[in-house]
Amino acid sequence: MASSTLSPVTQLCSSKSGLSSVSQCLLVKPMKINSHGLGKDKRMKVKCMATSIPADDRVPDMEKRNLMNLLLLGALSLPTAGMLVPYGTFFVPPGSGGGSGGTPAKDALGNDVIASEWLKTHPPGNRTLTQGLKGDPTYLVVENDGTLATYGINAVCTHLGCVVPFNAAENKFICPCHGSQYNNQGRVVRGPAPLSLALAHADIDDGKVVFVPWVETDFRTGEDPWWA
């Protein structure tokens with residue numbers, strides 16, 4: 001006596017998380033031949049092999065990895081840079097622009113940078129991160145004579161976009177990702193980075209530091225700004 005086998009069917013299985021996954025089920029009705037040659041039915045058996053896909057695997061995790069890399073980079077590079085400002089603070093949506101068309105510089109707490117107060121706590125030669133144009137981490141520079149430089153230095157490496165810490169001991173910016181180096185004004189002196197760090201004007205408006213896009217000649221290279 002021939003046995004009957006049903007074709008595989010597709011079943012929607014539910015997981016504990018409420019998500020569903022497709023599984024293939026095979027329904028078989030086996031026959032058993034006894035000593036008298038008679039067929040005896042057994043219960044219908046259903047074998048279901050489900051392949052569940054975790055929810056996290058369904059969502060691209062590139063953004064999550066990038067964010068964690070940025071935060072980790074900041075934590076690892078702080079001892080090298082000798083700074084107390086966590087880089088993660090600066091990866092927030094940029095604030096509204098100032099009335100003059102510039103972007104107010106923000107400190108690690110998100111407060112406006114008051115030039116006179118900044119100079120009281122940052123000595124000559126200091127380079128400290130603030131939030132600049134488009135929310136980019138940007139260094140405010142204190143000149144050797146104790147005045148605030150009229151330019152800010154974008155901290156994003158021109159190689160692959162890592163945040164570059166300032167190494168005060170060597171008086172230059174050194175990227176921890178692939179070893180690119182820039183002098184204390186952000187001009188590239190060693191690859192693989194192909195270009196110098198971008199600049200922004202650092203103006204003072206009503207006592208506050210304001211960043212304005214730099215579209216003039218790059219004073220470090222004598223060339224047009226590649227970022228404009």
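Glycine residues also receive a Cβ, built from the backbone N, Cα and C atoms like all the rest.
Values in this document were obtained by computation on a predicted structure and should not be read as measured data.
Per Swiss-Prot, [2Fe-2S] cluster binding site is recorded for CYS157, HIS159, CYS175, HIS178, and the stated evidence type is similarity to another entry. On its own chain, HIS178 ([2Fe-2S] cluster binding site) has HIS159, LEU160, CYS162, PRO192, ALA193 as residues at least 6 apart in sequence with a Cβ closer than 8 Å to its own Cβ.
Feature annotation from Swiss-Prot assigns disulfide bond to CYS162-CYS177; the stated evidence is similarity to another entry.
The feature domain 'Rieske' is assigned by Swiss-Prot to 115-211.
The annotation transit peptide is assigned in Swiss-Prot to 1-49.
Sequence annotations record features per position, and here Swiss-Prot assigns transmembrane segment to 72-92.
Residue counts for the domain 'Rieske' (115-211) under DSSP, split into helix (H, G, I), strand (E, B) and coil, are 10 helix, 41 strand, 46 coil.
All protein chains shown were included, and the count of other CB atoms within 10 Å of the CB of CYS175 ([2Fe-2S] cluster binding site) stands at 24. In sequence order, THR158, LEU160, GLY161, CYS162, VAL164, CYS177, GLY179, SER180, PRO192, ALA193 are the same-chain residues whose CB sits within 8 A of the CB centroid of CYS157, HIS159, CYS175, HIS178, the residues recorded for [2Fe-2S] cluster being left out.
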